[in-house]
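Have a look at the structure below, then the notes.
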Amino acid sequence: MIFGTGQTARYNLGAMDTNVKVAVRVRPLIEREAAEGATPCVLADEELACVGLGHDRKFTFDYAFGSGAKQEDVYSACVAPLVESCFEGYNGTVFAYGQTGSGSSSSTLMKATSSTLMNDASSRSHVVASITITQHTTMQPSGDGGLEVSAPGVQMVTKAKLHLVDLAGSERVKKSGVADNQPGVTYRGTIGSAANGALTARFKEAVNINQGLLALGSVISALGDEKKKGSHVPYRDSRLTRLLQDSLGGNSRTAMIACVSPADNSLEESLNTLKWAHRTRNISNRPEANCSAEGANKQAALVAMQ
(Lines of atoms letter the chains of each structure in order from A and count residues from 1; the text may use other names and numbers.)
(Lines give C-alpha, C1' and ligand atoms only; values in the text may rest on other atoms or scores of the structure.)
Protein backbone atom coordinates (compact mmCIF):
# COMPACT_ATOMS: atom_id res chain seq x y z
CA MET A 1 0.00 0.00 0.00
CA ILE A 2 1.54 3.32 -1.10
CA PHE A 3 0.37 6.64 0.29
CA GLY A 4 0.77 10.01 -1.38
CA THR A 5 1.08 13.40 0.27
CA GLY A 6 -1.89 14.24 2.45
CA GLN A 7 -3.31 10.70 2.42
CA THR A 8 -4.17 8.99 5.69
CA ALA A 9 -4.08 5.27 6.55
CA ARG A 10 -5.74 3.80 9.63
CA TYR A 11 -4.78 0.40 11.00
CA ASN A 12 -7.16 -2.03 12.67
CA LEU A 13 -4.80 -3.67 15.13
CA GLY A 14 -7.33 -5.86 16.92
CA ALA A 15 -7.84 -9.56 16.29
CA MET A 16 -11.10 -10.88 14.89
CA ASP A 17 -12.16 -14.48 14.38
CA THR A 18 -12.74 -15.39 10.74
CA ASN A 19 -13.38 -18.73 9.10
CA VAL A 20 -11.26 -20.19 6.33
CA LYS A 21 -12.80 -19.22 2.98
CA VAL A 22 -13.34 -22.18 0.65
CA ALA A 23 -13.87 -22.20 -3.11
CA VAL A 24 -14.55 -25.25 -5.28
CA ARG A 25 -13.53 -25.31 -8.92
CA VAL A 26 -14.98 -27.91 -11.28
CA ARG A 27 -12.83 -28.34 -14.37
CA PRO A 28 -14.15 -29.42 -17.80
CA LEU A 29 -14.30 -33.08 -18.80
CA ILE A 30 -10.95 -33.92 -20.43
CA GLU A 31 -10.27 -36.01 -23.54
CA ARG A 32 -9.04 -39.08 -21.64
CA GLU A 33 -12.20 -39.19 -19.52
CA ALA A 34 -14.43 -38.81 -22.56
CA ALA A 35 -12.56 -41.64 -24.31
CA GLU A 36 -13.22 -43.84 -21.27
CA GLY A 37 -16.94 -43.14 -21.59
CA ALA A 38 -17.17 -40.92 -18.51
CA THR A 39 -20.04 -38.45 -18.18
CA PRO A 40 -20.28 -35.33 -15.98
CA CYS A 41 -21.78 -35.87 -12.51
CA VAL A 42 -20.53 -32.73 -10.68
CA LEU A 43 -22.14 -29.35 -11.31
CA ALA A 44 -21.20 -25.95 -9.83
CA ASP A 45 -23.81 -23.26 -9.27
CA GLU A 46 -21.72 -20.08 -9.20
CA GLU A 47 -24.63 -17.82 -8.18
CA LEU A 48 -25.59 -19.92 -5.14
CA ALA A 49 -21.97 -20.94 -4.42
CA CYS A 50 -22.90 -24.61 -4.18
CA VAL A 51 -21.75 -27.83 -5.83
CA GLY A 52 -24.01 -30.75 -6.67
CA LEU A 53 -22.66 -34.30 -6.85
CA GLY A 54 -24.83 -36.91 -8.55
CA HIS A 55 -28.57 -36.65 -7.92
CA ASP A 56 -28.78 -36.24 -4.17
CA ARG A 57 -25.70 -34.52 -2.73
CA LYS A 58 -25.15 -30.77 -2.45
CA PHE A 59 -22.42 -28.79 -0.70
CA THR A 60 -22.39 -25.05 -0.02
CA PHE A 61 -19.13 -23.07 -0.03
CA ASP A 62 -18.01 -19.44 -0.12
CA TYR A 63 -17.41 -19.62 -3.88
CA ALA A 64 -18.11 -22.13 -6.63
CA PHE A 65 -16.59 -22.03 -10.11
CA GLY A 66 -17.81 -24.05 -13.08
CA SER A 67 -15.91 -25.31 -16.10
CA GLY A 68 -16.12 -21.92 -17.82
CA ALA A 69 -14.41 -19.99 -15.01
CA LYS A 70 -11.15 -18.22 -15.85
CA GLN A 71 -8.01 -17.92 -13.74
CA GLU A 72 -8.77 -14.22 -13.31
CA ASP A 73 -12.16 -15.02 -11.79
CA VAL A 74 -10.63 -17.33 -9.19
CA TYR A 75 -7.81 -14.90 -8.39
CA SER A 76 -10.08 -11.88 -8.01
CA ALA A 77 -12.47 -13.66 -5.65
CA CYS A 78 -10.14 -15.80 -3.54
CA VAL A 79 -6.57 -14.57 -3.76
CA ALA A 80 -6.56 -10.80 -4.37
CA PRO A 81 -8.19 -9.90 -1.01
CA LEU A 82 -5.55 -11.91 0.86
CA VAL A 83 -2.70 -10.31 -1.06
CA GLU A 84 -4.09 -6.85 -0.38
CA SER A 85 -4.47 -7.55 3.34
CA CYS A 86 -0.80 -8.60 3.51
CA PHE A 87 0.06 -4.95 2.90
CA GLU A 88 -1.92 -4.13 6.05
CA GLY A 89 0.17 -6.58 8.07
CA TYR A 90 -2.07 -9.66 7.97
CA ASN A 91 -0.64 -13.08 7.18
CA GLY A 92 -2.32 -14.88 4.30
CA THR A 93 -2.43 -18.44 2.97
CA VAL A 94 -3.89 -19.89 -0.21
CA PHE A 95 -4.27 -23.67 -0.51
CA ALA A 96 -4.92 -25.48 -3.79
CA TYR A 97 -6.03 -29.08 -3.35
CA GLY A 98 -7.71 -31.86 -5.31
CA GLN A 99 -7.35 -35.45 -6.44
CA THR A 100 -4.59 -36.07 -8.95
CA GLY A 101 -5.72 -34.79 -12.36
CA SER A 102 -8.39 -32.45 -10.97
CA GLY A 103 -6.59 -29.25 -11.97
CA SER A 104 -5.31 -27.95 -8.62
CA SER A 105 -1.79 -27.34 -9.95
CA SER A 106 -3.24 -25.59 -12.99
CA SER A 107 -4.76 -23.12 -10.54
CA THR A 108 -1.28 -22.21 -9.18
CA LEU A 109 1.26 -23.29 -11.87
CA MET A 110 4.32 -23.84 -9.67
CA LYS A 111 5.09 -27.57 -9.46
CA ALA A 112 7.26 -30.34 -10.93
CA THR A 113 5.21 -33.14 -12.51
CA SER A 114 5.53 -36.58 -14.07
CA SER A 115 3.26 -39.16 -15.65
CA THR A 116 1.00 -41.73 -13.95
CA LEU A 117 -1.97 -43.71 -15.24
CA MET A 118 -4.34 -41.13 -13.74
CA ASN A 119 -2.61 -38.00 -14.98
CA ASP A 120 0.03 -37.29 -17.62
CA ALA A 121 1.29 -34.33 -15.56
CA SER A 122 0.83 -35.56 -11.99
CA SER A 123 2.29 -33.47 -9.15
CA ARG A 124 4.90 -35.44 -7.25
CA SER A 125 5.29 -33.35 -4.09
CA HIS A 126 3.68 -30.67 -1.99
CA VAL A 127 4.98 -27.17 -2.68
CA VAL A 128 4.91 -24.18 -0.31
CA ALA A 129 6.07 -20.80 -1.61
CA SER A 130 6.43 -18.23 1.19
CA ILE A 131 6.75 -14.49 0.65
CA THR A 132 7.59 -12.10 3.50
CA ILE A 133 6.46 -8.48 3.14
CA THR A 134 7.99 -5.82 5.41
CA GLN A 135 6.99 -2.14 5.31
CA HIS A 136 8.37 0.88 7.17
CA THR A 137 5.97 3.83 7.33
CA THR A 138 6.45 7.17 9.10
CA MET A 139 3.46 7.69 11.40
CA GLN A 140 2.17 9.58 14.42
CA PRO A 141 -0.73 9.07 16.85
CA SER A 142 -3.90 10.70 15.50
CA GLY A 143 -5.44 11.48 18.88
CA ASP A 144 -8.53 9.31 18.31
CA GLY A 145 -6.98 5.92 18.90
CA GLY A 146 -5.80 5.45 15.33
CA LEU A 147 -2.53 6.00 13.53
CA GLU A 148 -2.07 8.14 10.49
CA VAL A 149 0.63 8.81 7.92
CA SER A 150 1.56 12.46 8.10
CA ALA A 151 4.64 13.43 10.13
CA PRO A 152 8.04 12.15 11.26
CA GLY A 153 8.68 10.76 14.70
CA VAL A 154 7.40 7.21 14.61
CA GLN A 155 8.27 4.37 12.28
CA MET A 156 5.45 1.85 12.00
CA VAL A 157 6.77 -1.54 10.84
CA THR A 158 4.31 -4.03 9.38
CA LYS A 159 5.32 -7.58 8.53
CA ALA A 160 3.26 -10.27 6.87
CA LYS A 161 3.82 -13.69 5.34
CA LEU A 162 1.98 -14.96 2.30
CA HIS A 163 1.99 -18.75 1.82
CA LEU A 164 1.02 -20.20 -1.57
CA VAL A 165 0.43 -23.92 -1.02
CA ASP A 166 0.05 -26.37 -3.89
CA LEU A 167 -0.86 -29.74 -2.40
CA ALA A 168 -0.14 -32.81 -4.49
CA GLY A 169 -3.31 -34.72 -5.25
CA SER A 170 -4.21 -37.80 -3.27
CA GLU A 171 -4.02 -40.95 -5.38
CA ARG A 172 -4.82 -44.60 -4.98
CA VAL A 173 -1.69 -46.58 -5.79
CA LYS A 174 -3.54 -49.29 -7.70
CA LYS A 175 -5.45 -46.79 -9.84
CA SER A 176 -2.46 -44.59 -10.62
CA GLY A 177 -0.14 -47.51 -11.44
CA VAL A 178 2.80 -46.08 -9.50
CA ALA A 179 3.58 -49.42 -7.85
CA ASP A 180 4.32 -51.06 -11.22
CA ASN A 181 8.00 -51.47 -12.01
CA GLN A 182 9.36 -48.92 -14.46
CA PRO A 183 12.66 -49.70 -16.23
CA GLY A 184 15.48 -47.57 -14.91
CA VAL A 185 13.33 -45.81 -12.28
CA THR A 186 13.27 -47.84 -9.07
CA TYR A 187 13.55 -47.37 -5.36
CA ARG A 188 15.00 -50.08 -3.12
CA GLY A 189 14.38 -50.10 0.61
CA THR A 190 11.63 -50.16 3.19
CA ILE A 191 8.62 -47.85 2.88
CA GLY A 192 6.22 -48.06 5.78
CA SER A 193 5.27 -51.71 6.15
CA ALA A 194 6.45 -52.66 2.65
CA ALA A 195 9.11 -55.34 2.45
CA ASN A 196 12.53 -54.72 0.94
CA GLY A 197 12.45 -54.96 -2.83
CA ALA A 198 12.28 -53.03 -6.04
CA LEU A 199 9.70 -50.26 -5.71
CA THR A 200 9.23 -47.43 -8.15
CA ALA A 201 10.28 -43.90 -7.26
CA ARG A 202 6.70 -42.91 -8.10
CA PHE A 203 5.46 -45.27 -5.36
CA LYS A 204 7.74 -43.65 -2.80
CA GLU A 205 6.45 -40.24 -3.85
CA ALA A 206 2.84 -41.42 -3.57
CA VAL A 207 3.45 -42.71 -0.04
CA ASN A 208 5.00 -39.39 1.03
CA ILE A 209 2.19 -37.41 -0.61
CA ASN A 210 -0.53 -39.43 1.09
CA GLN A 211 1.21 -39.31 4.47
CA GLY A 212 1.37 -35.51 4.30
CA LEU A 213 -2.29 -35.31 3.29
CA LEU A 214 -3.26 -37.70 6.09
CA ALA A 215 -1.52 -35.47 8.66
CA LEU A 216 -3.15 -32.36 7.19
CA GLY A 217 -6.52 -34.11 7.17
CA SER A 218 -6.11 -34.94 10.86
CA VAL A 219 -5.44 -31.27 11.65
CA ILE A 220 -8.46 -30.15 9.61
CA SER A 221 -10.64 -32.76 11.30
CA ALA A 222 -9.52 -31.68 14.79
CA LEU A 223 -10.23 -28.02 13.99
CA GLY A 224 -13.27 -28.31 11.72
CA ASP A 225 -15.27 -31.21 13.12
CA GLU A 226 -17.75 -29.97 15.75
CA LYS A 227 -17.48 -33.28 17.60
CA LYS A 228 -13.71 -32.85 17.97
CA LYS A 229 -13.60 -29.16 18.93
CA GLY A 230 -11.18 -28.66 21.81
CA SER A 231 -9.30 -31.89 21.14
CA HIS A 232 -5.55 -32.12 20.52
CA VAL A 233 -4.52 -30.69 17.14
CA PRO A 234 -1.66 -32.83 15.71
CA TYR A 235 0.34 -30.05 14.04
CA ARG A 236 3.62 -31.83 14.79
CA ASP A 237 2.76 -34.99 12.85
CA SER A 238 4.40 -33.71 9.66
CA ARG A 239 6.67 -30.96 8.39
CA LEU A 240 3.81 -29.67 6.24
CA THR A 241 1.44 -29.17 9.18
CA ARG A 242 4.16 -27.65 11.37
CA LEU A 243 4.97 -25.13 8.66
CA LEU A 244 1.32 -24.22 8.17
CA GLN A 245 0.26 -24.13 11.83
CA ASP A 246 -0.72 -20.44 11.71
CA SER A 247 -2.65 -20.98 8.47
CA LEU A 248 -5.18 -23.33 10.05
CA GLY A 249 -6.59 -22.13 13.37
CA GLY A 250 -3.98 -19.43 13.92
CA ASN A 251 -2.84 -15.95 12.92
CA SER A 252 -3.71 -15.92 9.23
CA ARG A 253 -6.40 -15.14 6.71
CA THR A 254 -6.73 -18.35 4.74
CA ALA A 255 -8.46 -19.52 1.57
CA MET A 256 -8.66 -23.00 0.08
CA ILE A 257 -9.32 -23.70 -3.59
CA ALA A 258 -10.55 -27.29 -3.90
CA CYS A 259 -10.53 -28.69 -7.43
CA VAL A 260 -12.60 -31.63 -8.63
CA SER A 261 -13.13 -33.61 -11.81
CA PRO A 262 -16.71 -33.73 -13.14
CA ALA A 263 -16.30 -37.32 -14.38
CA ASP A 264 -18.54 -40.02 -12.92
CA ASN A 265 -15.63 -42.49 -12.84
CA SER A 266 -13.94 -40.17 -10.32
CA LEU A 267 -17.05 -39.72 -8.17
CA GLU A 268 -15.52 -41.24 -5.04
CA GLU A 269 -12.44 -39.00 -5.20
CA SER A 270 -14.58 -35.91 -5.90
CA LEU A 271 -16.85 -36.71 -2.94
CA ASN A 272 -13.85 -37.06 -0.62
CA THR A 273 -12.45 -33.72 -1.81
CA LEU A 274 -15.79 -31.97 -1.26
CA LYS A 275 -16.10 -33.41 2.25
CA TRP A 276 -12.54 -32.30 3.03
CA ALA A 277 -13.23 -28.79 1.73
CA HIS A 278 -16.54 -28.53 3.59
CA ARG A 279 -14.88 -29.48 6.88
CA THR A 280 -12.11 -26.92 6.25
CA ARG A 281 -14.74 -24.20 5.97
CA ASN A 282 -15.60 -24.72 9.65
CA ILE A 283 -12.08 -23.79 10.82
CA SER A 284 -11.89 -20.46 12.64
CA ASN A 285 -8.68 -18.41 12.44
CA ARG A 286 -7.73 -15.35 14.47
CA PRO A 287 -5.74 -13.02 12.21
CA GLU A 288 -3.97 -10.02 13.73
CA ALA A 289 -2.13 -7.17 12.05
CA ASN A 290 1.58 -7.70 12.68
CA CYS A 291 2.60 -4.15 13.54
CA SER A 292 5.30 -2.66 15.74
CA ALA A 293 6.52 0.88 16.41
CA GLU A 294 10.04 2.29 16.26
CA GLY A 295 11.49 5.75 16.81
CA ALA A 296 11.56 8.62 19.32
CA ASN A 297 7.78 8.60 19.93
CA LYS A 298 7.52 4.83 20.14
CA GLN A 299 5.82 4.85 23.53
CA ALA A 300 3.11 7.23 22.37
CA ALA A 301 2.47 5.05 19.35
CA LEU A 302 2.20 1.93 21.50
CA VAL A 303 -0.36 3.67 23.72
CA ALA A 304 -2.38 4.63 20.65
CA MET A 305 -2.16 1.08 19.31
CA GLN A 306 -3.66 -0.28 22.53
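Any Cβ shown, glycine's included, is placed from N, Cα and C.
All TrEMBL annotations are machine predictions without curation.
Model, not experiment: these values are computed from the prediction.
Pulled from TrEMBL, these are the features on record:
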DOMAIN    19-103  domain 'Kinesin motor'
DOMAIN    112-283  domain 'Kinesin motor'
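Over the domain 'Kinesin motor' (19-103), the average per-residue pLDDT in this prediction is 92. Remark: secondary structure over the domain 'Kinesin motor' (19-103) totals 21 helix, 30 strand, 34 coil, with classes taken from DSSP.
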